[in-house]
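Reviewing the structure listed below.
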Amino acid sequence: MRAFYFDNIPGDQRLLHDSGNPVSDDILKSIGLLHWHIPTNQQNQIDTVAKERNYKNRDTITITKQGLGDLYETKLKSFYEEHMHEDEEIRYILEGSGFFDVREHPTDSWIRCQLDAGDLLVLPAGIYHRFTLDENNMIKALRLFKDEPKWTPINRGDLTDVNPYRVDYLKSIAVT
């Protein structure tokens, strides 16, 4: 996984948008983001991570224009809305590639995380983020869950800022 500050230049969200300013692992850790690279021919290591982090369920999602048909653009736009979840979001990229953008604190800058096959990303509950495919327009990912599979985005707003999961997240990274 490669991380860098988003350039904020208007245009297709699927473009690289690399500002030229890389983001260190220390910065990623400071906002609670975890990542590993596990080659796809060594997926048994995913079971080890799942056991260590208490992930009990999993499924696979494939996002392509062919697979989503007429819903493709609408779905991609909804994934790109800034939101948070009340659960960790865990993705292991099996095929293809894409971007997760996360908010840095306290600057509120976007950090773009470029993921390819073999990358495993864990976003903490309460972190503001968004997702998009890249120009290849295809990703297949293993989703891991601590409990029953669910994916409920809560779009950023005044009520989200006081959501208990958001407040707990900010406390966990020592932002007051």
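Note that Cβ sites are derived from N, Cα and C of the backbone, with glycine treated the same way.
Counting only same-chain residues six or more apart in sequence, the Cβ atoms lying under 8 angstroms from the Cβ of His83 (Ni(2+) binding site) belong to Tyr128, His129, Arg130, Pro153, Ile154, Asn155, Arg156, Thr160. The Ni(2+) binding site annotation in TrEMBL covers His83, His85, Glu89, His129.
The 10 Å shell around the Cβ of His129 (Ni(2+) binding site) contains 22 further Cβ atoms across the protein chains shown. Sequence annotations record features per position, and here TrEMBL assigns Fe(2+) binding site to His83, His85, Glu89, His129.
Counting only same-chain residues at least 6 apart in sequence, those with a Cβ under 8 Å from the Cβ of His85 (Ni(2+) binding site) are Leu123, Ala125, Gly126, Trp151, Thr152, Pro153, Ile154, Tyr165. Residues His83, His85, Glu89, His129 make up the record's Fe(2+) site, and a Cβ search at 8 Å around their centroid adds Met84, Leu123, Ile127, Tyr128, Arg130, Pro153 from the same chain. Taking a C-beta cut-off of under 8 angstroms and a sequence separation of 6 or more, Glu89 (Ni(2+) binding site) has the following same-chain neighbours: Leu121, Val122, Leu123, His129, Trp151.
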